[in-house]
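What TrEMBL annotates here:
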DOMAIN    7-176  domain 'Cytochrome b561 bacterial/Ni-hydrogenase'
TRANSMEM  13-32  transmembrane segment
TRANSMEM  44-68  transmembrane segment
TRANSMEM  88-107  transmembrane segment
TRANSMEM  145-165  transmembrane segment
Amino acid sequence: MTKQLSYGNTAKVFHWMIVALLLVQFPIGWLMPDIRRGATPGKAMTLHISIGLIILMLIVLRFVWRLFHPVAPADTLPRWQRLMSENVHWLLYGLVFTTTVTGWFFASFRGWQISFFFAVPLPMLTAPESVAGRLIGGWHQTAEWGLLIAIGIHVIAALIHVFVLRDRIMQRMLPGS
């Protein structure tokens, strides 16, 4: 298996679909009213969970795609930047996966009968009110903040490549390039 020099169209579609969904997902999560014990999830929560499941599916597919279609790091980058880039990418995959899975676990812990876009019932991943479920709810929030920090690092690095270094690194992921 040889490494490509830029990301292919499939990787770009995965990347930008996940970006678009996260841009919707985070505001929904922040703007939802705090859901108390015993409350049933409303439309916003069902939407939040459904979008999270789409993101989960996409990040798993993106991860598998990346394993079989690796991209060579840019030769123009110093070694420390290549290592940092690689580590941040894997951190992003891990945090997106962790955030979505722990969200599903947390909904199960709350005892919510959740469905995918109000149509397809989803299985519970843990018993309601379990100790593990309570712990995982905290992980969901921690992973969410970790993901935001990793996204911030990723975006700042991309903007530095565009506006400071002007090295066309970001063009490897832009549609149409």
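The backbone N, Cα and C atoms fix where each Cβ goes, and this holds for glycine too.
Counting same-chain residues at least six beyond the ends of the transmembrane segment (13-32), those with a Cβ under 8 angstroms from any Cβ of the stretch are 7, 42, 44-45, 47-48, 51-52, 54-55, 58-59, 61-62, 65, 96, 144, 148, 151, 173, 175. Across the domain 'Cytochrome b561 bacterial/Ni-hydrogenase' (7-176), the model assigns an average pLDDT of 90. Residues 18, 22, 41, 45, 48-49, 52-53, 55-56, 59-60, 62-63, 66, 114, 122, 125-126, 132-133, 136-137, 139-140, 143-144, 146-147, 150-151, 153-154, 157 of the same chain lie 6+ residues outside the transmembrane segment (88-107) yet bring a C-beta within less than 8 angstroms of a C-beta in it.
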